[in-house]
Every structure is written in C-alpha cells, then in structure tokens.
Amino acid sequence: MSTNSNERQTDSAPQIAVIGSNMVDLISYIRRMPKEGETLEAPDFSMGCGGKGANQAVAASRLGSKVLMVTRVGNDIFAENTIANFANNGIDTTYVLPTEATSGVAPIFVDEQSRNSILIIKGANALLTPDDLDAAESDIAKCKLIVLQLEIPLETVYAAIEMGTRLGIPVLLNPAPAQPDLVLDKIKGCEFLVPNESELSLLTGMPVDSLEDIRRAASVLLRVGVKHVIVTLGSRGALWLNTQGEELLPAAHVTPLDTTGAGDAFIGCFSHFLVQTGDIRRALIQANAYAGDSVTRRGTQTSYATAEEFARIQPELKED
C-alpha cells in the first residue's frame, strides 16, 4: 500500500483547521451504570473542557501542530473557560465565535470497567453555519488539513468538505456521533473517513461483527469515493483500507482507566503526524500509541500527552 498522502507538509509550521464542536465534560465515575428509575451515588466527579472538535484540536496542538479552531461558544462561564483553554493550549481562537445560546455540555458516566456512556447537549455548536466558514476561508486556505466531526450541523459539515475540495485541502471526517441522516454522496470528497465500528455500521447499514464484515462495509465507502477509510477498533487497533489494499495496525497494550476521549486522541495525533510527515502508516502507528496512553489517565483533554511526554513514553516513535 502507498503510505504517502497526496498533500505532504514541507514547511516547519504545519497547520490544521479543526471545524467542529466544543463542550464542557461533566464526568461522573460510578461503580456501574444505573438502571431505569434508579438513583446511584457517584464516588468521584470531574469537570473539564471537551467536545470532539476541541479534543482533537488540543491533542494535535499539544503534539506541536499549529491549529486553527472554528467553532461557536455560548454566553456563559463555560465559554470563558473554553476560550481560555484553547489559548492555553496554543490554539488560534480567531474563529471561536460567541452566541447568545448556552455552551455545549456533555454529561459522561464512566464505570469501574472503564466503559463510558455520554450524552451531548449541543447548545451553541448547533449554530455554526456555512457563513461562519466563509468568513474564515482566508485562514482555512492556509491549512494543510481540515478535520471535521458531526457535533455541528450537517449542512456546515458538507460546506466544509466542499471548501476543502475547492481549495485543494485534504479533509478528514470523523463521523461521530453517528448520524443516520448523513448523506454518503456528500462526503465523497473526504480524503480520510475515520469511523469506529458502530459508526461504520450505521453509515453503511451493514453488520460489523467480524473483520471480514468490517472490510465489506468499508469497501462501500471506498466505492462512494472516499480515498482512505480508517476504522478504529478499540483494543484491537485500527484497520486502514484504500483501493490499493488494507492493513491492520495493532493497538498499544495498556490497562485502561478511562477510555473517554480516546478516539479524539487518536484523530488529533493522526492529524498531527500526517501533516508533519505525509506518511499515513506512520501517523496511524503514532495515533494508536497516543490513544493507548490517553486511556491510562482519567479525564478527556487532561489525559492527552504533550510532545515531550509522548516522546518519553514512546521513544521509538518520536519524530526524526
């Protein structure tokens, strides 16, 4: 398989445009999930910045990429914390746009087996429009990769894909949370589609009970026109497919403490190494290791390693 993206980064300051969501994570650590009508006591609680877009932006920025965030925030204390968090992580907040809505929030429940259940209240994220992208186009045009998720309106996702195609910028879409209304023909301009197993099943309407099932479902997306499909498989790693072949890249062997945000860590790290090196396979190996490291600590963004921390944890994977 070819391991090089068509868009290879050549300068010393690669840029990634993350167009997506921000949330405030309200995480309850519980012994087990409650049954219907049941009230349980949670032994521990934490609050932090999250949202799939913000998580992916923070991971890429901590690893050293220059990240432009395009998102909307509410008119509340959560928004102030979110903007400060972006700034503290070195993320460009020029297009972190205020609204009169409430900020997005995500109540999260994590049990003793590190399994999580998540609710999202989109809030201001639902107000990010194609017009907002048009206003940011001159800066998006400087970037080497556009990263998208589905916690913003689908019309904005489609507009971002169209913009990437028009500007010649590769687009990575993480189709999460899964949305049955997503139109496959409108995402065919994506260079990279990165679903997990359940998202792949919803996208294609096909079973994903075995690796062979996953291959067949992913092939549907390749036939639509997506160039690379990367299916994240949790503890089994990631399956990368394109028209030239496929490769299963194993996950790191770790004991998980909290898996919240691991998928976003994967995408943020993959995006960083992709624009740094242009080598898809290497970026996937790094992303598996980075996501594996993130699940050994509690929290979402708080579990993401910096470049220096990651180099110490995985010295054989540090950049040239």
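Including glycine, each Cβ sits where the backbone N, Cα and C put it.
Because TrEMBL annotations are produced automatically, they should be read as predictions rather than curated entries.
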Per TrEMBL, member of Glu137, Glu151, Glu191 binding substrate alongside Met23, Val24, Asp25, Gly51, Lys52, Gly53, Ala54, Asn55, Asp264: Glu151
Coarse DSSP state, helix versus strand versus coil, of Ser303 (K(+) binding site): helix
Separation of alpha carbons, Ala54 (substrate binding site) and Ser235 (ATP binding site) (Å): 24
Among Thr260, Ser294, which are binding-site residues, the residue with the most C-beta atoms within 10 angstroms of its C-beta: Ser294
Per DSSP, three-state class assigned to Arg297 (K(+) binding site): coil
